[in-house]
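These notes concern the structure reproduced below.
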Amino acid sequence: MTVVDDNHNSIELHTIQTTHVQENDTIKTNQYKIPDDPNDKKLLRKLDLHLIPTMTLLYLLSYLDRVNIGQAKLDGLMESLKLTSAQYNACLSVFFITYVAFEIPSNLVLKKLRPSRWIPSIMIAWGIVMTLMGLVHSYGGLLACRLVLGAAESGLFPGAAFYLSSWYKRRELSWRISIFISATSLAGAFGGVLAFGISQMRGIGGQEGWRWIFYIEGIMTVVVGVAAFFLINDFPSDRPKFLTEEECDRTITRLQNDAGPGAGEHFSWKQVRAAFLDWKLYIFCLCDIGLLVPLYSLALVSPTIVQGLGFRSYRAQLMTAPPSIFAFFTTMTTAYFSDRYTRRAVFIMFWFIIAIIGFIILIVAQNLNVKYFAVFLATGGISGCNAICITFLSCNISPHTKRATALAFMISMGSFGGVISGQIYRSQDGPRFILGHAINLGFCVLGLISVIILFISLRLENRRRDRLYGVVSSRNRKISVITTELKKEVVDVCGIGSEEDRRKWGYEHMSEEEIRDLGDRHATWRYIL
């Protein structure tokens, strides 16, 4: 029997014959359809309230701890430790070596363990390292701390991005990821003002001002890390306490209805291998490298760049805030319209072009006011790309383990940009830093070309699947559930389709597990551009 709901969606209903079952037994059926409510605003508000603020606060502290060395430099770090320019740049870059090395293992551990245990643990670890960084008295000590800090922080960003993509539908993800990513802009604005205030503590306890920056911000991270054990929830399938049973079922139903068949949540090494065999991943990596080299270099060196525009050290700390505030608004505005129109690539291309214009002005302009305006363009343009790039991959890689692996790998490869970014702005090139701006310009062009390749390729693939299998709309997507005599409804995330579907797709000789592992290679998957 077919009925039509209030949203004019066709819902196919079938009779289910049940038998006596024990508590741990289930009866699986692919014929019972649960309609998805696209206007489930009450559930979304509840998810937003319990997930987004915590992740954003954690990433704010993570990014603050990562880049506060730039503020410490203005307050006498190099003179106190007798660092050369090359040694200081090495301390910037070495962070990303361990950061890259541990990102993928950390995401796989997150998948195996509970986010509510893993994320707070690594946060406490890097908070302790950050606090101890204030005690160093040599180049070797600072270098070692930055190495360990990179390893400890490596799990948060890819883990949180994957975590959020496990709760929201693809068209809802950009806004939430952008709120999370906006912490980088807030860290830039808040970090400069905070560092200026903390540096006024110089002399207290016989400590220099830059040491107090590390002490205070490290202790803040440890405190929040302890609180995170009680604030972070696990995945929807873990039935978190802040949701009712019905809301858990609805959340999983929404995700499966969005993803369609072939979107299983089970861990599979086959999915890990599939991620590395997917050509899209490597183009995404080029895009991310093109984005993160200028992003990290501006975050690490913007106080020095702004100081080179003629501001004194204490004013340079404060003048880094306005471009970061502008970057926050570009990030959030882009996210809103990206989700509203369900478009990713076009926004990334637009902001790459804006950033390219900014770096061209920084290279050719002589007027200091014009160059400061160009810092706004470069910072705002790159920040506008950042969150959408993460969302672009998250929306177009499936299933769970493949997406977790791909996210971690892309962020790892992009983080190599951090190694590069610490080397391109050399003291001898100041105050104009033409070489550094030119290198950043080149990476922005690389990122722009990569997005264009992805946009054209994925659009052509969508059209190919439409020709072969027919146009897929949300109205035609089907949901499977598990029912028991315990009067519980648990959504079946297998999505293997009916026999007729499998014959149409050419999957009649494939096992259920093989179909689960198809993910974005499934006939009904359509890429979001």
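Residue positions begin at 1 at the first shown residue.
Positions of Cβ are set from backbone N, Cα and C atoms, glycine also.
Listed in TrEMBL:
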DOMAIN    51-465  domain 'Major facilitator superfamily (MFS) profile'
TRANSMEM  84-102  transmembrane segment
TRANSMEM  123-141  transmembrane segment
TRANSMEM  147-165  transmembrane segment
TRANSMEM  177-200  transmembrane segment
TRANSMEM  212-232  transmembrane segment
TRANSMEM  281-301  transmembrane segment
TRANSMEM  321-338  transmembrane segment
TRANSMEM  345-366  transmembrane segment
TRANSMEM  372-393  transmembrane segment
TRANSMEM  405-425  transmembrane segment
TRANSMEM  437-458  transmembrane segment
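Ranking 177-200, 281-301, 405-425 by CB pairs under 8 A with the transmembrane segment (84-102) puts 405-425 at the top.
As a whole-number mean, the pLDDT of the domain 'Major facilitator superfamily (MFS) profile' (51-465) in this prediction is 85. Under 8 Å from some Cβ of the transmembrane segment (281-301) lie the Cβ atoms of residues 63, 66-67, 69-70, 92, 96, 184, 187-188, 275, 348, 352, 355, 359, 375, 378-379, 382-383, 385-386, 389, 392-393, 397, 406, 409-411, 413-418, 420-422, 424-425, 436, 439-440, 443-448, 450-451, 453-454, 457, all in the same chain and six or more residues away from its ends. Counted over residue pairs separated by six or more positions, the transmembrane segment (372-393) shares at least 3 Cβ pairs under 8 angstroms with the transmembrane segment (437-458), which defines the two as touching. The stretches the transmembrane segment (123-141) and the transmembrane segment (212-232) are in mutual contact, each linked to the other by at least three Cβ pairs under 8 Å (pairs 6 or more apart in sequence).
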